Amino acid sequence: MVGYDPEAKCVSTAEAAAAGSASGFVTRVLVSPLDVLKIRFQLQIEQLSSRNPTAKYHSILQAVQCIFREEGLTAFWKGHVPAQFLSVGFGAVQFMAFESLTKLVHNVTSFNARDSFVHLVCGGLAACTATVAVQPVDTLRTRFAAQGEPKIYPNLRHAVVTMYQTEGPRTFYRGLTPTLVAIFPYAGLQFFFYNILQQFSKWVIPDEAKNGASVKNLVCGSCAGVISKSLTYPLDVVKKRLQVGGFEHARAAFGQVRTYEGLLDCMRQIMREEGPGGFFKGLSPSLLKAAFSTGLIFFWYELFCGLLCAMKSPESTKRKEG
């Protein structure tokens, strides 16, 4: 169902956008706590270890207890409003662009639209398109998730106005370069491995076993998310560090803060001060999030597309007329 299928032809571009938005919305609600943990870990300069007395967060369990004790349960959904705008917008643009690009490949080239390599390239390009469209919201989401108590930004409107007035419009695109550099292979590999795993599952599971199709989509998506996230994770850390530039006063309670002049300077400072392990801070919650979010994204997208196709089927039309 993911990508243009010349044999099916039951999901239009607009319907792909709607299904992508819906899948992003549902998934974001479920994985937001893992996202907050991941961002907090990525932004911490100190080593993530209980042996380091200056480190605020040591492990996933300790961080959960610390955030809950200091900020309450709702802290795990900090930045949820901009995050939902991000998920809904990104899902709509990404899947709409992916369906359009795979259809274009099928119509104007000799490549098969269902080929894994085509999904790799089209998935990367679709994600880059979606990233440019929603990058300002991603920056807002990161700042909301990063701030502690008392809050610097009490609401979304205040954050937008304050950032624009004090830092200028370019601040909403902080970290765009590493984001684009990272998102192309990350999203491309997601679609690539999802396609390969789906083909493998068809070989392993007989066609008659249709009852487990939803579970299969979930498992294939989760595996694709873990593999792609592991391969592209360091650039995600750099992106998060750049996105909170100019926001150092709100990070003081969490430990050391740093300012970076750009992508290369950020990478040099992380390597010099934190070593290679600094590029993999927050990897554990990030992999958990990648497994859940990617699996759920593909699961819900396939489900919503299936429902849209079922609503347009002749049997459904006859039942409505009857």
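Numbering starts at 1 and runs along the chain as it is shown here.
Keep in mind that glycine also has a Cβ here, set from the backbone N, Cα and C atoms.
Computed from a predicted structure; not experimentally measured.
Taken straight from TrEMBL:
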REPEAT    11-104  repeat 'Solcar'
REPEAT    114-200  repeat 'Solcar'
REPEAT    212-307  repeat 'Solcar'
TRANSMEM  290-310  transmembrane segment
Sequence-remote partners of the transmembrane segment (290-310) [C-beta within less than 8 Å, at least six residues beyond its ends]: 1-2, 8, 10-11, 15-16, 18-20, 22-24, 26-27, 30-31, 34, 91, 95, 190, 194, 213-214, 217-226, 228-229, 316
Counts by DSSP class (helix H/G/I, strand E/B, coil) across the repeat 'Solcar' (212-307): 80 helix, 0 strand, 16 coil
